[in-house]
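Positions annotated as active site, proton acceptor by TrEMBL: Arg156. Taken from TrEMBL, the feature active site, proton donor applies to Asp438. The domain 'Malate synthase TIM barrel' annotation in TrEMBL covers 152-397. Per TrEMBL, domain 'Malate synthase C-terminal' is recorded for 405-520.
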Amino acid sequence: MELEPSPPGLEAEYRTIFTAGSLVFLQELVSTFDEEVDKILRLRISRKTHLDLSGDLPGFCEVTAPVRSDPTWRVRPVPQRLQRRHVDVGDLAPCDTQRFIQALSSPAQGLQIDFDDGNCPTYHNQIKGIYNVYRAVHNQFPNAPKISQAPVLMLRPRAWNMVEHNMMVKGKEVPGPLCDFGFLMFHCGKLLFDSASGPFFYLSKVESYLEARLWNNIFLWTEQKLGLPVGSIKATVLIENVLSAFEMEEILYELKDHSAGLNCGIWDYSASFVNKFGHRGAFLLPDRSKYVNMEKLFLRSYMDLLVQTCHRRGALATGGMAALLLPQDRDSAPYRAALANVTRLKLLEIKAGVDGFMVYDLGLIEPMQKLFQLHSQGDNQMHQLRDDLTVTPDDLLCMPAGGVTLYGLKYNIAVGILFIDAWLKGKGHFFYRGQVEDSATAEISRSQVWQWIRHQTLLEDDSRVVTRGLVTKLTQEVMGELKVVTRCHTVREEQRLLTAAAMFLEVVQKRDFPEFLTTYLNLDHTFLRSGFMGLSHG
């Protein structure tokens, strides 16, 4: 194993996490599963190539029909602390110590400890984040409740597309999720289990039941290594890819001893349509700011099927995240309007039968918990079996009607640039127009701009064609606002924003769609160099 030395100022944290024992454990974990990780990434490419060459569309898999048609199997019941999780705090980057402690002391039932969408994986952030989880689990934060009384930690390692550049095993960079999962389990797994508080995980960007099988094998290996009973680890799989929507039962089946259920969210899932079918005219996704929401058939069907699938198999079904930020003045009209907006959308999810969902703003926790109490009964809604429902492949693949607005195009450009700028600063999320934005909203934003250029879509406002030239011109127009939003005061800050704009334009003009924006950034020389220049420390 080769390991980069500690980033400046994190020597104590580094020594705590990178112990001889943890490094041996991680080396064994990576050596055992590294080839399997490569295999599933190649299978993704092969599957995409098949869809492109054949023009086929996904459907429910014939090979796994016996799993779906067998009514008898169930997932193992989850521990008591997961039975009632109406409101989790989402996008909680654990390297942000102050917000992490605030969330630990909040009335939320769970915290999504996010090394993925809401986190920028600089070496500094990964070490600081894992160290902060270590401190919380070891009850070392003086102003936070003990881990057995705090909201449960739902640990979200990086997704399979991410690598850890600062660590090599047998001459290869380590898969990001194995790095995060390995350190978290080695240092915290047993303590979480002994305090009936875990270890619980979120698994991002799983695309097939074979990927769920790999995770299950990783869990079994880890439980055996650390002396934990089989089924100690529980994981919620985020269904944020159109292909995995057709394999939800199989994913639950593969993880049945380790499942904490499935989760549905809107933006990564919507972006996956562009990822898989974006070059096909039939899959032109209209302006998300005007025409894409959970009431549309393709998203409503996906949420309904997820709830029905989970509850039929005794698993929990959780909804997406409310990204809206509440204004400070609770007596103001904007506050009431924001709360009413979140309430309306979250009520749709509760009525669809979800057992919980996420919020970003800590001020939304109690109003949303009250909403659950008013409109549901008991710890969860697993009794809502939704037997009345039939969801077809056509329902899941039905694109909503609508066009492209100038506002939506400029909004997507702004979000894409601001996300890249945030990454160059070592941040995984940012605030824009009263909402928190992270890699999920950046993914849908840049996906839509790429697709609209590719299909030369007309603007509703004035019938201009969306071209590379128009996107470049609009990028120049929004830069003034973005300088204000990012508080550019120095030449260096302005240069970084210009670099972000150039990178955004590059990614939306590529002939072949870059599968993940985060992969593009994580492997890009600009981001790697910015880490060495010290920008990642804020």
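Placement of Cβ uses the backbone N, Cα and C atoms for every residue, glycine included.
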Cβ-Cβ neighbours of Arg156 (active site, proton acceptor) (radius 10 Å): 28
Cβ-Cβ neighbours of Asp438 (active site, proton donor) (radius 10 Å): 28
Nearest-integer angstrom distance between the alpha carbons (Cα) of Asp438 (active site, proton donor) and the residue listed as 'active site, proton acceptor': 14
Helix, strand and coil counts within the domain 'Malate synthase C-terminal' (405-520) (DSSP): 76 helix, 9 strand, 31 coil
For the domain 'Malate synthase TIM barrel' (152-397), the mean pLDDT of the predicted model: 97
